[in-house]
Structure formats: structure tokens, C-alpha cells
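Okay, so here's the structure we're looking at.
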Amino acid sequence: MALIPAIADHAAELTAIFEDLHAHPEIGFEETRTAAIVAAKLRDWGVDEVHEGIGGTGVVGIIRGNRPGARRVGLRADMDALPIEETSNLAYSSKNPGKMHACGHDGHTTMLLGAAKYLAESRDFAGTVVLIFQPAEEGLGGAKRMIAEGLFERFPCDEIYGMHNSPNGKSGWMGMRKGAAMAGAAFFDIRITGVGSHAAQPQDSKDALLIAASLAAELQTIRARNIHPLDMLVLSVTKLNAGTAYNVVPETASMGGTIRYFSDAAFELASRRMKEICKGYALAHGVEIDCDVRGAFDVLVNGDEYTEAYLEAGREILGEEAVDAEVPPVTGSEDFADMLRLVPGAYCQIGHAGTVPLHNPAFRLDPAILPVGASVYARLVEKRLAA
């Protein structure tokens, strides 16, 4: 491993920032303290421009290189925590009850800060770096809100990059793939309104609970009989609610869940079939069924050119053997995909010594990853803005 010396020399400072952020987690669109720390650090380190309040609590920094150049490279990190009670027993565990950095966004923020410090000091590049610190990645649409508030109109980028920690026990590992790398995600809610009755006289009812149970099973035929076998799509009913008493057939029932996909066409087909099945069930049983399907995350697609550039930077920092260019696609989702819809770029994973899964109350991000991610980001900028 060949970390950038100026970044490695500040590892203790990065660790202190990380531990402070970890101890004070803030969930989506509430990252006021985190954003203030980010903005203050950027100003202290001489970043040319610092803009706050973009997409609620988002922060954007601008660094111009020592050499003239028109190209602009964006680097993005997410800042938000999760509504989880921490059980890691770390000395710097969360001080905010019911909130925890269980996905490592505190580390992502710190890695981008580390790259920013180095780039603001060295400025050994031709062009401009756009630092994007995003709020509310965890399902609340932080990327969409920053975009809606003019992120790329105010701060144009020719290409953009992001990264996520991977608790795979492989310290100093980097992985990614060209093309579709992370699934798109949609959520759905279905409400059935029938006729309630006494449980001893079910003939007088239009049993919303029984209909819901049958409908939940029927929806699985979409994956089995409508989607091409080679198209990845997952449709999961994750909640079903009905009834409040032992002796009452409920009048209403509701269910909800998620669809994960790698093909927009497959998602559109699944969404259409879901609505058709609900309409058919309503007609067959003489009830009302409302079906709402809404997209949350786009498919994350890594551009070929930008993936190669990222991999090359990773190999220079981590070594050839530590970089995996064929990581299988994952059905998890990431709203950085919304940015990649508008600006070409790529997204990678950075491994660390931790092995507790993401979103787990005992999750621990290994701070040794901090100068690693910062070095990869910085080297990527120097290569993409070399002339």
C-alpha cells in the first residue's frame, strides 16, 4: 500500500474528526452539527469556496488547481446516521439516544475531508474539484433534493465519484464493476377496503385480511411468471396489517414492501402487473384496493471510462492485488445513482477490518480506512485533472 504521505501524516487528525462525528450522529436532514463541522474544516484548510444549506443541510466546497483547466471533477460523501440504538461499546459511541452511524457515513465524510485538506494544500492539478457533502442518503432523498435545488447548475461537474465502506475484513481492499452495480429501489403500499363482520358470521363480510393474504402470495407470480429469468428483480412484501380483535373480521387491511431491480423495463413491467393484479382482485372480491408504487432510487450505473480511472487510482494506492474490478452487483440501493443519472462517473467499495454488517447496532468502522479512502480520492483527482 502506498498512501499519499501528506494524508497519512494526518491520520490522527482524521481519526479525531471521525470519532467526534461518530459520537454525535444526526439522521437525514438534521445534520446541522455535522454540516457545520464540515464547513468549518473546509474554510480552515483554505478551500476556495464553501456553500452551505444546499438540499437542507448539504455542503459544497470548491478547490481550484494551480494549473489552468476547464474540467471539473465532483467527489461526494453522505453525512447522515440511522435511527438505531448503538451497542458497539466503543469509547466514542453515540451520545444521541436512538441514533447511530451504523452505515459508516461518518467515515465517508471524514475520508472526503481528508482528500479536501490535501488537495487544498497541494493544488497539483489543472481544473476544479467540487466537494459534495450530501444529507439524507438513507431513504429520504437527499441527492434528489440537492439536485432539485440546483446542485449541478450552480456547481457543474464533468464527472463525479463516490465510495462506500465495506465491512468485509479486507483492510485496504477496493472493489467495483462497470455497468449496473447497485439495484434500483421502489416502495409500494396497498390498502384493501372490504366489509367487516362478526367473526362467527363471515358470510356477511368481504374479508380484507383473507384477500390481503392471498394477494401477498399472488404478487410473487410477477417475479416467477412475468419477469425474464435473466432479469434480476426482487419483490418483497415486508409488512401486512389488519384487524384488532379476536371476534371481528376486519374491514380493512394494508401491506407494503419493496421492489429491487437492475432494469428499468423490468421495474415498469412489475409495477404495471402489480396494479393490474390489484385491480383484478378488487373486481373479483367486490372490494376497493388502492395500490401506490413509487420509485426511491435509480439503478446505480458505473461508466466504463470512469470505472477504469477509479481502478487505476486504486491500484496506485493499494496495489494490483488489492483491487477487484469484477465485484458482483448487489441488490442494495444508493441514492448516488440519482447524481450518476445526470453526470457520468463511478462508485466503489473500500474494505476495512470490520466484519459486523452495515445497519447493525454493533457495527464498527475501522478508522484505518480513513487515509486509504482519502488517498484514493486525491490520486483520482490528480490523474483526471493531470493537464
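Note: Cβ is positioned from N, Cα and C throughout, glycine not excepted.
Per TrEMBL, Mn(2+) binding site is recorded for CYS103, HIS105, GLU138, HIS164, HIS359. For GLU138 (Mn(2+) binding site), the number of other Cβ atoms no farther than 10 Å from its own Cβ, over all displayed protein chains, is 19.
What TrEMBL records for 184-279 is domain 'Peptidase M20 dimerisation'.
What surrounds the Mn(2+) site, by Cβ distance within 8 Å of the Cβ centroid and not counting CYS103, HIS105, GLU138, HIS164, HIS359, is the set ASP78, ASP80, LEU82, HIS101, ALA102, GLY104, GLU137, LEU358 from the same chain. Comparing the binding-site residues HIS105, HIS164 on other C-beta atoms within 10 angstroms of each C-beta gives the minimum for HIS164. In the three-state DSSP assignment, the secondary structure recorded for GLU138 (Mn(2+) binding site) is coil. Around the Cβ of HIS359 (Mn(2+) binding site), a 10 Å sphere holds 13 further Cβ atoms from the protein chains shown.
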